[in-house]
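Heads up, here are the entries from TrEMBL:
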type	residues	note
DOMAIN	1-77	domain 'EH'
DOMAIN	26-61	domain 'EF-hand'
DOMAIN	106-194	domain 'EH'
DOMAIN	138-173	domain 'EF-hand'
REGION	199-232	region 'Disordered'
Amino acid sequence: LPQVDSANAGRVLASDAAVFLKKSGLTDLVLGKIWDLADTDGKGILNKQEFFVALRLVACAQNGLDVSLNSLNLPVPPPRFTDTSSPLLLSGTASSDLPWAVKPEDKARYDAIFDSLNPVNGLLSGDKVKPVLLNSKLPVDILGRVWELSDIDRDGMLDRDEFAVAMFLVYCALEKEPVPMSLPAALVPPSKRKPLSVPGAMPLIPPSASPKESHQSLPPVGILAAKTPLTQ
């Protein structure tokens, strides 16, 4: 609320709210409908309660639900707003158009490890991925979260793209970047993106948390993939 209530008056003017709500990437038509439902007395001003109604309706629309007061009680992930100054996002792009956070040159390295682990039908079981994850020497709870986030379709196996997500998160963690609690939209592989929205997608990683370029200089990822540590 402080972002849009600059005067700290506990209310939001239509002009301020419009600028903020536009960052949701929804069309003007949908945003107009959201405003009409939230601004119950038609004064062109939202109080705190009405503003939260608007935010919930934005979340409903982003998750493919009807923009109606009936949708307010349905469980939806929090609304996502893109900061147009963030390099990860061009203004108004849907999550399906986001560039994937895994760079092509990194993907090639991750694919090589994936192939070295003898995937079956293009999938690696948890048993095959586990030694690779453990070799990173990261805490087990972090590795558990990496697995949870990368097994996007929850089938207990990782395909080539999901494995790349796991490796990407491991490298973030090795560089002391926090592993997110839910997968940012930019990290969801294009092959796994739904036309509507990404389940549980969180606001995009702010630029400061984007993976540092320095990971190119890390030791070759092969050491991570060694089935057993070289020195016992």
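Keep in mind that glycine also has a Cβ here, set from the backbone N, Cα and C atoms.
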Per DSSP, what is the residue count of the domain 'EH' (106-194) in each of helix, strand and coil?
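Taking each residue of the domain 'EH' (106-194) in turn, the totals are 52 helix, 8 strand, 29 coil.
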With Cβ-Cβ distances below 8 Å as the criterion, list the same-chain residues six or more beyond the ends of the domain 'EF-hand' (138-173) that contact it, or say none.
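Contacts of the domain 'EF-hand' (138-173) (Cβ under 8 Å, skipping residues fewer than 6 from its ends): 101-102, 106-107, 109-111, 113-114, 119, 122-126, 129, 179-183, 187-189, 191-192, 211, 215, 218, 221, 224.
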What is the three-state DSSP composition of the domain 'EF-hand' (26-61), stated as helix, strand and coil residue counts?
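For the domain 'EF-hand' (26-61), the helix, strand and coil counts are 25 helix, 3 strand, 8 coil.
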How does the model score the domain 'EH' (106-194) in terms of mean pLDDT?
93
